[in-house]
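Trainee: Below you will find the structure I want to go over with you.
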């Protein structure tokens, strides 16, 4: 089934924008309606349970919408999906690989043939033409990246050998350490939304944010609004350097390496020279996988040698335009997609025993990127929630499977499709303004103490707590 043939989803599910907030929205948990003394006395209550229900405050997300912990199981999700959605075709997967490389090759040929002084005498127009070339190749290259991602999840075909061979070749072509990424990415899927174990885009806690900015943890509700130029600078840095810094320094990954079961993480922290995706001794990996890390490095060395040959033969300026700038575009799209899949004012994060796989997988959100997302990028933007529940379903069945799990997930399925492709791009800035750190709801009790929601210093949504709750 074509990913472009599926019906468009509702403009916005589960979450609400500021302009379309629900009729009862609390700016903070303290603003919740408080029952009178007479109405909450035991003499006027039907039972102790009802009293406790009124006494406890509901959890609310950053928009102020009430949040209820998911209670369905993975079996419920799996049973709702038609059996044919689990079927994988290596031939079909290779067909998509051929399509994406044909797009890369055709674009390369056309621009080298026609974007020349002979056909375009104007230098500024040629510069604009080659700039367009880098954008297009970045999109096609992202499609190749996502097919390698399918291989890493064994969604590309029923053959593990074919999957890993194709994935290694495709990711090496894009200077990605395939097996190193595959292993850490698998751990991300096993711990999505877990503040202690997740491997990517683990948000800063209130304390982390305060320490990084030399603020007082208890005064963060009084901070002045952040300048928009600062937000823009944060996004530029993230989009340019986020991916290489993740590979080199494990930026945005968890920092609990001392818990590595083989002792490889003792004394090692994110940002040093040991926690990365290139060293077999990295605490991100077990000893049994160290040979795969070396195989990943070999792929990078071979691709690096090929690029050096191209630069030496045709000039490094040509290499920069042909490959290096498109490579930066690929990195940009990769970071943007992943960031927006896991960062939204409606999403929770969990610590302690409150986290479960089913709850963590629901802590993601689908978005809409139109033709670019559904066709060039193989639907990775539009069907990520389903992907976190069952990552072996190939992308060409993901739309149908997503529709099948929506009734099971109910209110816990989140999708922001407002304004389509433009809305996707706008969400980068919005998420950076709204989602600066996470903390439990003020006054949270029981499991609620280990459910964290995004907060910010910009006056958007629920205000930071005046009396922060410590996780259990």
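Heads up, the Cβ atoms here are built off N, Cα and C, so glycines get one too.
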Trainee: Of the residue ranges 269-291, 292-314, 361-383, 384-406, which one carries the transmembrane segment annotation in TrEMBL?
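Mentor: It is 292-314 that TrEMBL describes as transmembrane segment.
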Trainee: Name the residue range among 215-235, 236-256, 320-340 that TrEMBL annotates as transmembrane segment.
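Mentor: Spelled out, TrEMBL records transmembrane segment over residues 320-340, not the other listed ranges.
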Trainee: TrEMBL lists transmembrane segment for one of the ranges 83-104, 105-126, 127-148; which is that range?
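Mentor: Of the candidate stretches, TrEMBL labels 127-148 as transmembrane segment.
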Trainee: Which one of 168-184, 185-201, 423-439, 440-456 shows up in TrEMBL as transmembrane segment?
Mentor: 168-184
